[in-house]
Amino acid sequence: LRRALQRGLRRRRRLRHLGPDTMRRVVRQSKFRHVFGQAVKNDQCYDDIRVSRVTWDSSFCAVNPRFVAIIIEASGGGAFLVLPLHKTGRIDKSYPTVCGHTGPVLDIDWCPHNDQVIASGSEDCTVMVWQIPENGLTLSLTEPVVILEGHSKRVGIVAWHPTARNVLLSAGCDNAIIIWNVGTGEALINLDDMHSDMIYNVSWNRNGSLICTASKDKKVRVIDPRKQEIIAEKEKAHEGARPMRAIFLADGNVFTTGFSRMSERQLALWNPKNMQEPIALHEMDTSNGVLLPFYDPDTSIIYLCGKGDSSIRYFEITDESPYVHYLNTFSSKEPQRGMGYMPKRGLDVNKCEIARFFKLHERKCEPIIMTVPRKSDLFQDDLYPDTAGPEAALEAEEWFEGKNADPVLISLKHGYIPGKNRDLKVVKKNILDSKPTANKKCDLISVAKKTPDTASVQNEAKLDE
């Protein structure tokens, strides 16, 4: 009898604790609570790749709807592989590479407006921009479309502008950030006096009007690159001495990852208008790998991949406290050397896939697919709002003159079909301007260039009519 009474008391206490209101408060409504991560089968991995061993905290991998690019070990300079997505299985040792750098490659980034153009930064102090043939490489590529020279030390970060065509940012160990017009091969903005120590990462905001940086001096800065002024900065955003990361979110807030004084990994959310206190600050664990954040602006989910970890944690950012909500962790056995993140337009919408990662092991690259399980076969428009498409919203010159534009959005309802990309042409200024052109060939070229213009003018007139 006594036992039965005690059981009844315990049950009553439990029910009192979990009243209907508390239940409502405990379980937060979110369609991403059950995001399910799964590694693909072995035959869909890219095998026998000698992934780079450079001690640099970049992701070593870049992907887009056509290709996956991976920085590899290379003797006598630096190289990276570019594989068409369908070229899975064992990669032959003699497979052609992109190998024009004279020092190890540290960072690569695909152009968001042209799926065949990729930029690479290297220890040889240069940035090179490459045009990959439509069906992938058949011969090793040694000649870049353009070489951008301006840094005095190794270049560890390259990042394309999200909305303006042919605008590329690079940051080096000379603590300088240079913004290039790739179409002319010129450095148009040079921010060389804003950072007193090494820059860990640089991130553009949604429309590319601002950048935020994390630096070794423990400061997070928000910079207007065209006015060349610091809009906001926070000293000791994370107290620890190990590398930090800072990225812009779609709403203009800044998300950072770093280490506490006790070497615990932290993540924080900041409002650039008031950087005194973070909106949210969470401690995670005591692992020592740098957390690389990958952000999806459409679903407001941040995926954190620690270098040397064997897991991917994901969080949802919302407007209600505690602002950064832990969703789940995808765990595997092997630690990751680097990570590539597929843009939204490269995902399979029929399988409710909301993210795809390309995880680098020591000798292979393994795709990991994140899905939201749904019973219906119909297009899930709540998972796939219109996303940034491959069309540039601005030309480089317009952006440098001060214009801003949000990304041009596309619907993924019928899947994304890659269109034909135009070739990247670099027009060197002031080379022919100074010399009188006696050469007939040049005149022919300029005439050939003019004729389509008149045709397009006529077409426009017809359209207006």
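Every residue, even glycine, has its Cβ placed from backbone N, Cα and C.
Automated prediction, rather than curation, is the source of TrEMBL annotations.
What you see is a predicted model, and the numbers here were worked out from it, not measured in a lab.
The domain 'DUF1899' annotation in TrEMBL covers 25-89. The feature repeat 'WD' is assigned by TrEMBL to 98-140, 148-190, 192-233.
Remote same-chain partners of the repeat 'WD' (192-233), defined as residues 6 or more beyond its termini with a Cβ less than 8 Å from a stretch Cβ, comprise 57, 156-157, 159, 161-164, 167, 169, 171-177, 179, 239, 241, 243-248, 250, 252, 254, 256, 258, 270, 272-273, 275, 297, 399-400, 402, 404-407.
If you take every residue in the repeat 'WD' (192-233) and average the pLDDT, you get 95. The domain 'DUF1899' (25-89): residue composition by secondary structure is 5 helix, 24 strand, 36 coil, according to DSSP.
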